[in-house]
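Report on one structure; see the data block that follows.
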Amino acid sequence: MAEQDEIIKTEVIIVGAGLSGLSAAKLLAEKKVNVTVLEARDRVGGRTFTKKDPLYGWVDLGGAYVGPTQNHILRLAHEMGVKTYRIFSDLDFIHFSKNKRIMYSSQWPKFPSNPTATWELSYTMEIMDKMAEEIPPEAPWKAPRAKEWDNMTLQDFFEKQCWTEEAKEFGRCFCQANVTAEPWQISLLWFLWYIRSSCGTVRIWNVSEGAQERKFIGGSQQISEKMAERLGDSVKLNSPVCNLVQSVDSVTAQTLDGTIYEGVYVIMAIPPPLLLKIHYDPPLPPSKHQLIQRVSMGVCIKCELFYKRPFWREKGMNGFITCADGIECVGNVTDDCLPNSNLAALTCFVYTEKAFELLGMSREGRINSLTKSLSKILGTHEALDVVAYEDQNWVGEQYTGGCYTTTFPPGVITQFGSVLRAPFHRLIFAGTETASEWSGYMNGAVEAGERAARECLHMMGRLKKSEIWFDFGPKL
């Protein structure tokens, strides 16, 4: 810790050493700007977190998947020397509800007992895509029907659009899997914008040619670790910022241990709800303060179960499961077998109410609950024979508060959305939630960090305003 009266001077202070904050720091450092990154945790990576063990190699317990059109994160990974591998998606997908297993290889589940529901589900996704196309990705509050859609929940839309229970039920699954919230909790406008920023319902849902197509060899957190290595002593861990004071020509950031840093600008690269943990002088604008009070983080626990072999593949299943009945604890399951690994693995995502039920159990209780669900869904007792287990409770992370992203209830994005990324004097806002492409994803984090860095360079008089949103990177 610095002496109490000592002020550590820098040019730009960046709050948060996740992908967004480190992407901003990297770009600024390359432009010879002196940066200091203040991270509350004892590690970098933010919502990416890779755990390693000799038994299973590595497992991503946070953000992990990448796919086509996610050019910002793919470009950065390529620059950092991190390669990808494709996720296994041959064989059949599973949709499970009320003790019934539907195996399918089509884009969306088919319901043999109700062909109308099969058609209705596909048609509903097409309707959402058409609605999403009306929304400007950089400013959803400017959509022609923004107020109408922002006054509705996603559940309102499903009730109005769908006649069959099967289609409504899958709609809830689609919502949970993508934003880890319930359809009655979120704005229709916000969800449509989320789809728009992610290139549509098919792209966001698919494995092959979709958002779940690939993962990084060695895990996603290493991208942040490699950036931090380049930045060296500029990255300060265990440094939660608690106070920000702006003056005419500078801004100071004080950490919990009393250390004070002074810079010309500050980039805030943390989830919007966490902005409430900091005291501001002068206070944030009323609209910004209202925004961050009204939004909340999604609710998700990510669980990894390791097996001796991928027994589900032997039964013609690819390991990708949607569980819709609200009875079993799992919401979604994905095949997570690593290349050249001696073990097989399934990743289970547990959402909303079921996540809180799981949190009330011991580690053994969580394993028991998950394996019982998998045994029932996959139709085999082999799912009970776990050889290793890991999980990550993102809701319990005090410097994240939940995952994957910040969710917006009705009425917020039209009234306060315009201040989401708007600078406040010398404060500039990054984070995946402020991105226009793949918001909520690792790609969005990188896009937002680089945009914030260019915004900072513009304020310094070193970049034209027209270049703030310019994409300098190659398409991958």
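In case you wondered, yes, glycine gets a Cβ from its N, Cα and C as well.
TrEMBL annotations: computationally assigned, not manually curated.
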To which of Ser20, Ser23, Ser418 does TrEMBL also attribute binding of FAD at the site defined by Glu39, Ala40, Glu433?
Ser20
Over all pairs in Ser20, Glu39, Ala40, Glu433, the listed FAD binding residues, work out the largest Cα-Cα distance in Å.
19
Going by a 10 angstroms cut-off between Cβ atoms, which of the binding-site residues Glu39, Glu433 has the sparsest surroundings?
Glu433
Would you mind checking how many other C-beta atoms are within 10 angstroms of the C-beta on Val241 (substrate binding site)?
23
Looking at the binding-site residues Ser20, Ala40, Glu433, which has the shortest Cα distance to Phe349 (substrate binding site)?
Glu433
